[in-house]
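Heads up, the thing below is written out as structure tokens.
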Amino acid sequence: MSFEQKEYFAPLPSTERGRPTRLSADPSGENIVYASGSSIVVRNLANPEKAWEYTGHSATPTVARFSPSGYYVASGDSTGKVRVWDVMNPEHILKGEFQPISGRINDIAWDHESKRIMAVGDGKGGYGHVFTYDTGNSVGTVMGHSKVANACTMRQKRPFRAVTCSDDRTAVFFHGAPYKMVTALHEHSGFVQDVRYSPDDARFVTVSADRKIFVYDGQTGELQFELGKEQADGHTGAIYAVAWTGDSKRIVTASGDGTCKVWDVELNQLVKTIIVGKGVEHQQVGIVIAGEYIVSLSLSGTLNYLQMDADEPVRVVKGHQKAITATALTPAHKLYTASYDGRLCLWDMQGPGEAEQCTGPTGDARVESTVTLQDQRIAIGSLDDTLRFVDGDKVCEAVGLGAAPRSLANVQDAIIAVLQNDSVVIVRDRQASPITIDGTARAVAAASNGTVALGMSDGSVRLYSLEGTKLSLEREMSTKHAREVTALAFSPDGALLASADAMGKVILSQVGTGETVTTRWNTHTARVYSLAWSPDASHAASASLDGSVIVWSVETPQRRALIKHAHRGGAASVNFLDNETVVSAGADAGVKVWKFAF
């Protein structure tokens, strides 16, 4: 009755059009940290499939920064709270929680002693504050801005200095500590999106929606020059982020024009343009330089690995940004995951754990259900009332259903779909035909011998045989659910049927007789979204809106492996990889592999 998380395939950073997203690297240059959905993700750069999450925020996290010591991370959220927590301890002990402003935190900076933190954003009573990391005592207030502050940076040696930038088209220079405003810098004519000190602290640089880059003296705050002013091949879109190379001689800028540009600050000239892509999804909204790695962030959430001598990304890390709503596992252990925004990804669960985004029209609509077909292909049903067939990494065909599918099952050479308009259709030879049944179906499953199970809105579970385009009722299971049935799954041998309902209860029944095996699988506290069986039919697993995944024992029904908080916001799907391993996905947009033992 124990479990262990073996793998965590992390979600991509959360992005928003027109707003930069902050990426931060640890002092070793091995890991980056970013906000994703309801979590903070720490991810290895050399092996991006290695990651872990921090879920301590009660509101949506917006930014996270490593301390210069590497021992702590300060993360902010949409309500203005900043949490400082231990990175090294596996339990990630909270050092302190503070409320520097009353609104969204847009950026955080540490001083070189890892003792003082500056946090800026969109507060009602102010746009930022400086405080100590352990007690929260004030050591300065961000003044001089009339609109939301977008970024901040702190000098990493004495004398202490700090700079903030804002939508009011200014940057503000501070002396510290305590930190006090010295002067406002008015060179930009657009929203100032980012500001960064160089590693040697000799300079700082600002970038803006006006596509201009200004370089200032790091100690006095005096303007030195506009970078690339005389060059015609600068950015053609807003510049959202900037990062310095380790030698403090070059910077890399990320822009909405889909490019990242390398600039030589010493020579005041453009060195290289790296084209990431064209289209809105390729807008570059974040960048970080960590050791040998230059990583930019696309609006789509994709992490792009860049090199100075390459004209395009040398590596691309893909995945999900939004909640995963459905999955399908093929016999070859290829896992398809579909998310709220219609994105479909393919994972080789026997490989390195990297996602490959499927191509072809997915409708950009929430995927409600999936089903694996006999020929290793899958079918996905979306909220745009369409059933699509996927072969490998390509979406190849589509069939209109007349309504969005709620549940899908593959039987013989056809697909049965329960639709959200309370109808049932059968799809054969790319044609959808209605099926008439008594009552309102909510879920469907099919056994390998062709038996079809329908879970009804009144809590009953019925078994049917398929004859052409008609379903003939064979029997009804002896025990009814108290609420509507939400998920069904036959055991691999077709002898058992697990059914689950909107209250979180799972009932196990004999297919041959309809008799109940157990009603004791009632640990979930909310709707069950998914059921699955182990290959040897000795265990079943369930995934629920309550965020937990449970593996149940058929032989001893009272025994279970309960994985609490498997996915924050709800677990949407679970599949068995073997008799001792399950893979789950959920609202946190992550994919997790669990090893269990009874």
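Every residue, even glycine, has its Cβ placed from backbone N, Cα and C.
The annotation region 'Disordered' is assigned in TrEMBL to 1-26. Long-range contacts of the region 'Disordered' (1-26) within the same chain: residues 32-37, 39, 41, 43, 45, 48-49, 51-53, 63-66, 70, 87, 106-108, 150-151, 193-194, 238, 240-241, 280, 283, 285-291, 295, 297-303, 317-321, 347, 353, 355, 551, 559-563, 581, 588-598, each at least 6 residues beyond the stretch ends and with a Cβ under 8 Å from a Cβ of the stretch.
Within the chain, the repeat 'WD' (54-95) has long-range Cβ neighbours (under 8 A, six or more residues past its boundaries) at 22, 24-28, 33-42, 101-114, 117, 119, 121, 123, 133-134, 156, 565, 568. What TrEMBL records for 54-95 (among others) is repeat 'WD'.
TrEMBL lists 185-226 (among others) with the feature repeat 'WD'. Cβ atoms under 8 Å from those of the repeat 'WD' (185-226) belong to residues 20, 150-157, 159, 161, 163-167, 169-173, 234-244, 246-248, 251, 253, 255, 263, 265, 268 of the same chain, restricted to positions at least 6 beyond its ends.
Sequence-remote contacts of a segment are chain residues at least 6 beyond its ends whose Cβ falls under 8 Å from one of its Cβ atoms, and for the repeat 'WD' (232-273) they are 18-22, 190-191, 193-200, 202-203, 205, 207-213, 215, 225, 279, 282-289, 291, 294, 296-297, 304, 306, 308, 311. Among the features that TrEMBL reports, repeat 'WD' is placed at 232-273 (among others).
What TrEMBL lists as repeat 'WD' is 317-350 (among others). A mean pLDDT of 97 is what the model gives for the repeat 'WD' (317-350).
Sequence-distant contacts of the repeat 'WD' (521-562), counting only residues of its own chain at least 6 positions beyond either end whose CB sits under 8 Å from a CB of the stretch, comprise 1-3, 327, 486-493, 495-496, 498-508, 568-576, 578-579, 582, 584, 586, 594, 596-598. The feature repeat 'WD' is assigned by TrEMBL to 521-562 (among others).
If you look up TrEMBL, you'll see 564-598 (among others) marked as repeat 'WD'.
Sorting each residue of the repeat 'WD' (521-562) by its DSSP state yields 0 helix, 21 strand, 21 coil.
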